[in-house]
Amino acid sequence: MPTVLEKSARRFATETPLGRTRRARKIHRILTEVYPHARCELDYETPFQLLIATVLSAQTTDVRVNSITPALFAAYPEPADLAAADPARVEEIVRPTGFYRAKAANIIGLAQVLVDQHAGEVPPQLEALVRLPGVGRKTAHVVLGNAFDVPGLTVDTHFGRLVRRFGWTREEDPVKVEQAIGELFPAKDWTMLSHRLIFHGRRICHARRPACGACPVAQLCPSFGTGEPDPVKAARLLRYEMAPVE
Ligand code: SF4
């Protein structure tokens, strides 16, 4: 007897590239309805604050980052303030986000580069952003998409996992994932698609126990059955990132 997962995979085994594009866009339409408030879950008011918060969000939750950034931004409102900061004081503030020594060094270092090379402003270009300490493509796209309205795909752990489960791509390398998914959707959709996939990954399609039976795109997913297929049991797995993960 084939498993639920095997049956799901078979349904899409002969899908054409056009069929995959149509299915991808249909999934996106459903997620748009399910997550009308999808957005960047980091709190920020300026591009500089978003850049700092995104660097701090590596290996931790947005909730935890949001718990310390008010104190950080009050103490160091501008890049020049952070560039001249005492590292020990910054480490103390960012400590709850983990890897606090490296993160403190990165955010002080990037503030110094902003002051020295960019007149104290966050540059709105991918190439310039990825040259800042602690900033990779993912962080750069978060900043570009949310602070500057420059479309970008944010290939984080949720995004990568979901697009592979959806059968949109088999690529593992984030840059190749970005290219493959970029071909399925118009650029204007990239930033919000990223938010919606990340919302779905945090709330329903979890890494270890996806709540398949409670998933609004189950009918369109070749990985249905990876997690709990029973609707009642799956409903108990739904999770919302309301509290930091200990
Ligand atoms: S929860 Fe299950 S059905 Fe829904 S997207 Fe994830 S793997 Fe597919």
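Every residue gets a Cβ built from N, Cα and C, even glycine.
A quick note: this is a predicted structure, and the numbers were derived from the prediction, not measured.
The [4Fe-4S] cluster binding site annotation in TrEMBL covers Cys205, Cys212, Cys215, Cys221. Taking Cβ-Cβ distances under 8 Å and a sequence gap of 6 or more within the same chain, the neighbours of Cys205 ([4Fe-4S] cluster binding site) are His158, Arg161, Leu162, Arg165, Ala211, Cys215, Gly227.
Summarised as a single figure, the pLDDT of the domain 'HhH-GPD' (56-203) averages 97. Residues or ranges marked as domain 'HhH-GPD' in TrEMBL: 56-203.
Cys212 ([4Fe-4S] cluster binding site) falls within a helix when secondary structure is assigned with DSSP. Apart from Cys205, Cys212, Cys215, Cys221, the [4Fe-4S] cluster site neighbourhood in this chain, defined by C-beta within 8 angstroms of the site C-beta centre, holds Arg165, Ile204, Pro210, Ala211, Val217, Ala218, Ser223, Phe224, Thr226, Gly227. Over all protein chains present, the Cβ of Cys221 ([4Fe-4S] cluster binding site) has 24 other Cβ atoms lying within 10 Å. The most densely surrounded of the binding-site residues Cys212, Cys215 is Cys212 (count of other Cβ atoms within 10 A of its Cβ).
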